[in-house]
Every structure is written in C-alpha cells, then in structure tokens.
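Asks: Quick paste of what Swiss-Prot says about this protein:
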{"type": "BINDING", "residues": "C40, H65, E66", "note": "Zn(2+) 1 binding site"}
{"type": "ACT_SITE", "residues": "T42", "note": "active site, charge relay system"}
{"type": "ACT_SITE", "residues": "H45", "note": "active site, charge relay system"}
{"type": "BINDING", "residues": "C95, C98, C101, C109", "note": "Zn(2+) 2 binding site"}
{"type": "BINDING", "residues": "I177, D197, R202, L264, G265, I266, I288, Y289", "note": "NAD(+) binding site"}
Amino acid sequence: MKIKALSKLKPEEGIWMTEVDKPVLGHNDLLIKIKKTAICGTDVHIYNWDEWSQKTIPVPMVVGHEYVGEVVGIGQEVRGFEIGDRVSGEGHITCGHCRNCRGGRTHLCRNTIGVGVNRTGCFSEYLVIPAFNAFKIPANISDDLASIFDPFGNAVHTALSFDLVGEDVLITGAGPIGIMAAAVAKHVGARHVVITDVNEYRLDLARKMGVTRAVNVAEQKLDDVMVELGMTEGFDVGLEMSGNPSAFNSMLKTMNHGGRIALLGIPPSDMGIDWNQVIFKGLVIKGIYGREMFETWYKMASLIQSGLDLTPIITHHFKVDDFQQGFDIMRSGMSGKVILDWE
C-alpha cells in the first residue's frame, strides 16, 4: 500500500510531496496513524540543505519528528498500549545496551538515532516507532499541543535543569523553544524572566506568553533593562537557545557569580568564549540534548494540566497539501509553531 509523505528527495533546497510504501510493523513497534505534525527548525535546516544537513541526512528520506497520532497497529511483543491510544513520541531512538542506557540515562545514549534525521520520519500518513518511544497523551491535552511535545520537551528539559523558584532568568533566543522555556520559567516561580532577540515578531509572541521583559538587543541594552528591574547582581540562571556567539557572550557578562547556564542552542564550532567570565564567576555550564526519557514527558503533561498555556506559540495551521506555505512562513521567521493537518 502506498501512502502520502513529505520527503527529502534530492540533495538540494526543498522538500517534496511523494508516495512511499506504508511502513512495516515490527514485533516491538507501534503503527501510528498521523493526525498532526509540526515543522521544526531542524526541518527548515533540512529544507535549506545547509552544511549540517548535507553531512547528516540520507537522501531520499521521509522527514519530520514532531507529531501526534493514533495507535492502529501493535507489535506482538508490545504491552501497555491499545488500539486507539492517542500518542506522540520521543524522536531519539536509543540503543538500550550502552552504559547510559543501562543506567537509565537514555537521553545520553551515545548511539542515538533521530526520527526524521537518521531514519524515516513522521511527515507521512503512518509512522512506525519502537513502543518504548511512544508517550500516551492525556485526554485533556489537545492534538495541537501534543504535536509540539518534542520541542516543548527541549524547553522543559532546558528550563528545569536548575532550580528557578525566586530566581532571575535570562533566555537568549526567542525562537519557539526559547519562548516556551520562558513560559515554563514563569509558571514554576521565577521572579524576572527576560528574553532577548532581534526578531520583533517573536519578541511580541514572548510578551503574549507572559515574560517579564522581551528585549530587542539591536535597540536596547540588557544592562539598562536590569537597572529598570532593580537587579543589582546579575542573572541567576541563563538558558541559551540561539547558538549566537554574541548572545552567549552577553549572557556570560550579565550572569551573577555562581550562576548556572543551560546550553541548547548550537553555536558555530569555532565560537570564542571569554573563559575568564566562567572561571572567576564560578559559572556552571550544562549542555542539553533532547529530553530526559521519560521524566521530561511527564513534566510536560503536568505543566499543561496545571495551567501552563502554550496556545499562543502555535501561530499557523495548514493542510498537509499546503505544506509549502508552512515551510515558507517558517523560513521567513514570522511565525511561532506551524502545524500541518494530515486528516
């Protein structure tokens, strides 16, 4: 049986609608009928066919890794799922036999394979993944929100790396993940949550999500904002979401002594750092990759169920046949999360 899918067919700019074989269910797998998918920044990198994509992405391949769907097939060894379960899933498929996997730290698996990056993705009518990777979506969480659990998980993992209660938090980079991290920080009890960027559209989105201050660093100095907020000692926690060297160096300068930084944004490999700031301030820097399995996922569901409102971050919906419009708007930078409807 042939099914509709969005694939990287050629080693050049673009993503194409195509027909592929329906995936085959293995003994330990679930077959998921896709309802909604969201376009990730990674998918835009793959579309643009940048240097990272050229080194990483096999062609041809179905792409995508943010989704919600319904279980329509269950492998014979699988327990704990039923036909009709609504699920999203962890996009990092782990080996199960390295030291970290065996120690329960699966998010640190050294042999991780990415759905829609190293193997067939979710931008298709059906997806097969190991049942271990699936996460049941509670009934009181919408399909829209469930479809962005993957990037929301990046935000939650990054934001909850350190205690935020009563702390002043700086977030550099107001992409969707940065904005969601800011909303999480506010929700769990941070005092001042300041987010920086140069994209006014996205800073506006951050304001709708309740940040203390959204600062356009092309127009306003971070130091001035700190004075206005009555901050005398610097930020306690930094969440670096941009991969921008000047943003990171600005963060180092404005951190308080003993401050803690979580790094999710991917900088250029040759980024220079003022290590004096790190050493003499006694800063702690933690790298973040993916989501903790599955602690982050349970936290995501709980945060939404306890009143965290992420709906403003979803700015555009398109039918899957209009996927090109979705990619165009994502590439323009004038969007939050863009959802493609497969039903």
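Any Cβ shown, glycine's included, is placed from N, Cα and C.
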Asks: To the nearest whole angstrom, what is the C-alpha distance linking D197 (NAD(+) binding site) and C40 (Zn(2+) 1 binding site)?
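Replies: Between the alpha carbons of D197 (NAD(+) binding site) and C40 (Zn(2+) 1 binding site) there are 19 Å.
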Asks: Same chain, not part of C40, H65, E66: whose C-beta falls within 8 angstroms of the C-beta centre of the Zn(2+) 1 site? Give them in sequence order.
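Replies: Everything else in range on the chain: T37, A38, I39, T42, D43, G64, Y67, G91, G116, G121, C122, D150, P151.
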Asks: Rounded to an integer, what is the Cα-Cα distance in Å between H65 (Zn(2+) 1 binding site) and Y289 (NAD(+) binding site)?
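Replies: H65 (Zn(2+) 1 binding site) to Y289 (NAD(+) binding site), Cα-Cα distance: 15 Å.
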Asks: If H, G and I count as helix, E and B as strand, and all else as coil, what does DSSP give for Y289 (NAD(+) binding site)?
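Replies: Y289 (NAD(+) binding site) sits in coil per DSSP, no helix or strand.
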Asks: If you count CB neighbours within 10 Å, which one among the binding-site residues C109, L264, I266 has the smallest count?
Replies: I266
Asks: Measuring CB to CB from C98 (Zn(2+) 2 binding site), give everything in the same chain under 8 Å that is also at least six residues away in sequence.
Replies: C109, R110, N111
Asks: What residue among the recorded positions C40, H45, C101, G265, I288 has the most other CB atoms lying within 10 A of its CB?
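Replies: Its Cβ has the most other Cβ atoms within 10 Å: C40.
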Asks: Just the number: how many Å between the Cα atoms of T42 (active site, charge relay system) and E66 (Zn(2+) 1 binding site)?
Replies: 10
Asks: Whole-number Å only: compute the distance from the Cα of R202 (NAD(+) binding site) to the Cα of E66 (Zn(2+) 1 binding site).
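Replies: A Cα-Cα distance of 21 Å.
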Asks: If you count other CB atoms within 10 A of each CB, which of E66, D197 wins among these binding-site residues?
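Replies: Of the binding-site residues E66, D197, the most buried by Cβ count within 10 Å is E66.
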